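Here is what Swiss-Prot says about this protein:
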ACT_SITE  HIS94  active site, electrophile
ACT_SITE  GLU163  active site, proton acceptor
BINDING   ASN9, TRP10, LYS11, GLY169, SER209, GLY230, GLY231  substrate binding site
Amino acid sequence: MRQIIIAGNWKMNTTLSEACTLVQSMKCELERIEGIEKIICPPFISLYPIKTMLENSSIKLGAQNLFYQEKGAYTGEISPLMLKELCQYVIIGHSERRAYFGETGQVVNQKIKAALQAGLLPIVCVGEKPEENENGQTRQVLETQLKEALDGLNLSCIIIAYEPIWAIGTGKAATASEANSAIGYIRRVLGDTLGNAAAQTSPILYGGSVNEKNITEILSQTNIDGALVGGASLKAESFVSICRQAAVIQNKH
């Protein structure tokens, strides 16, 4: 069984002091949870202080975005080399980046290549809009997004997060069977794009209104290897509960 990954995406939430308080409130409990990969992705400004708080910890850090150039006249951007000193993971291609900042499949592809070049592990997000889901276009959209994102890459493993846009922040998660079916299709596309070996080793996460009440059902599905958690990752008790339930499932195998 692939190792379960639970990643908390804090989005544009928490001041510096709030971020440190949140980490402090769940650090000890999270460190007791074994067998899964635990990742928190705070805003950029909190990465360094949280890194110092998590020194020698089993909790990993991730960024929420990056730019694809190493350095230069790109006002306001953060480069892969800057992030490499602070974290291990980076979220790329989140639907909010695509919607609000115009990120295209080509840009996502450039960012993935830049992250890998710097030694960062990308968490690549894909997912369909509400109208695409209603029109039966989910598979077509996922295939297009994946092939654009992975164009020109020869990888043995890549982390993918399936986040149906209609489920993000709405409280309306995809049913476990819907998520499992979509992720099964993603794995098939990975097989066509990167080869069967990569498809079998690549963890595929589900994201979209994940909470402590639905995580066990989600992770009990055959194709789902973890979760990208939004709002629930901002509550220490909820995030710890999600990780604890994930570890129970992991340790059964």
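Cβ atoms are placed via backbone N, Cα and C, with glycine included.
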When the binding-site residues GLY169, GLY230, GLY231 are compared by other Cβ atoms within 10 Å, fewest goes to GLY169
Whole-Å Cα distance, GLY230 (substrate binding site) to the residue listed as 'active site, proton acceptor', is 11
Other than ASN9, TRP10, LYS11, GLY169, SER209, GLY230, GLY231, the chain contributes near substrate (Cβ within 8 Å of their centroid) the residues ILE168, VAL229, ALA232, SER233, LEU234
Residues near GLU163 (active site, proton acceptor) by Cβ (under 8 Å) yet at least 6 apart in sequence within the same chain, in sequence order, are HIS94, SER95, CYS125, VAL126, GLY127, TYR206, GLY207, GLY208, LEU228
Cβ neighbour count (10 Å, all chains) around the residue listed as 'active site, electrophile' is 27
